[in-house]
Amino acid sequence: MSTNLSNAEILNNLLEGRDLDELTSRALMQRWLNDEISDVETGAFLSALRAKSSTGVELSSMAKELLNVCELPVARPNLYLVDTCGTGGDGANTFNISTAVAFVAASCGVKIAKHGNKSASGKVGSADVLLNLGLNLNCSLEKVINAVSEIGITFLFAPVWHKSLIKLAPLRKTLGIRTVFNQLGPLVNPLRPNAQVLGVASEDLLQPMGSALLNLGMNRAIVVHGSGGLDEASLQGKNKLVFIENGELRFSEINISDFNHENIANENLVVSDLDSNEEILKSVLNGSGQKSHMDVVALNVSLVLWAAGIEDNLNEGFNKALFSINKGDPWKKFLLLKNYLSAN
């Protein structure tokens, strides 16, 4: 994959607001991976892409290059896999909803391959809270992959699988802005899931992320931007959705009031630190949590059940999720995964 354009020419196109085609987007990512772009150029590229806004073609093309260099140590399980990884970065400091969603969905029969990382901009990322709960993220990659067949859920810690991007981390941190790599994270799950629910922190990302998932061959997916700016479906009001199905994008909205529940402000979902995040996550999974916490998780699980093809009716999916939560099945699923990853 190559292009005759120099780094300077590609950068100039971006600065003039021109979108990159697939060939150029893939070539740009290859140059990053091959250390053919300096730190100064990287800062300029990331800033220019941010200012222009990345397209679905740019995102999916770069994601393909990242996936091409991500080799699996064992064969991918022949299962219909679903991911709940989003962009993060909404700055709302809510408890880690997508992680709770993953375990609840798994307890409802969805095969979950959860891709995640440490915090993007909030206080706690999925890896942070799972590490605090004692999940072993340093076991063999073979065991990580096999867990989805044995337990029905696994967690893929992004830095372990995408080591080529570690060298960019200090520069991204120095820039202090959200970049295209925040958007690429949810698109580069090494197990290449068949379906996904992908939360975005900005409404402007709904269409490009939906198009990217479509370009990557996703069977079914939902991109969601929550009321009040969450990168999850929110209890606060109208949530914007893009459904990906049959090769098409369909825009829609849902409100918790559609499920005969009252709207609740996002402030009720805020946590102050890692320990309180852990406490809330555990209480949701074992069925002893606050109603608002369990409801917001169930709402998002209903989207996962749709993506998995288990329940097309979101209201029914919501009730199915609450039933599983109230039985404490998600916590049992977490303990099974914890024990499996810790065993010799």
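Using the three backbone atoms N, Cα and C, a Cβ is placed for every residue, glycine included.
The feature 5-phospho-alpha-D-ribose 1-diphosphate binding site is assigned by Swiss-Prot to Gly86, 89-90, Thr94, 96-99, 114-122, Ser126, with sequence analysis given as support. In the three-state DSSP scheme, Gly86 (5-phospho-alpha-D-ribose 1-diphosphate binding site) falls into the coil class.
In the three-state DSSP classification, Asn117 (anthranilate 1 binding site) falls within coil. Remark: Asn117 (anthranilate 1 binding site) has Gly88, Gly125, Ser126, Ala127, Phe157, Ala158, Pro159, Gly185 as non-local neighbours, by Cβ distance under 8 Å and separation of at least 6 in sequence. Residues or ranges marked as anthranilate 1 binding site by Swiss-Prot on the basis of sequence analysis: Gly86, Asn117.
The number of other Cβ atoms within 10 Å of the Cβ belonging to Ser98 (5-phospho-alpha-D-ribose 1-diphosphate binding site), over all protein chains shown, comes to 25. Under the DSSP three-state reduction, Ser98 (5-phospho-alpha-D-ribose 1-diphosphate binding site) is assigned to helix. Annotated Mg(2+) 1 binding site per Swiss-Prot: Ser98, Glu232, in sequence order.
For Arg172, the entry in Swiss-Prot reads anthranilate 2 binding site, with the evidence type sequence analysis. Remark: Arg172 (anthranilate 2 binding site) has Leu46, Thr179, Phe181 as non-local neighbours, by Cβ distance under 8 Å and separation of at least 6 in sequence.
Secondary structure from DSSP puts Glu232 (Mg(2+) 1 binding site) in coil. Annotated Mg(2+) 2 binding site per Swiss-Prot: Asp231, Glu232, in sequence order.
Between the binding-site residues Asp231, Glu232, Glu232 has the most other Cβ atoms inside 10 Å of its own Cβ, all protein chains included. Around Gly86 (5-phospho-alpha-D-ribose 1-diphosphate binding site), the C-beta neighbours below 8 angstroms that are at least 6 residues distant in the chain are Ser98, Pro186, Val197, Leu198, Gly199, Val200, Ala201, Val224, Asp231, Glu232. The least crowded of the binding-site residues His115, Lys118, judged by other CB atoms within 10 A of its own CB, is Lys118.
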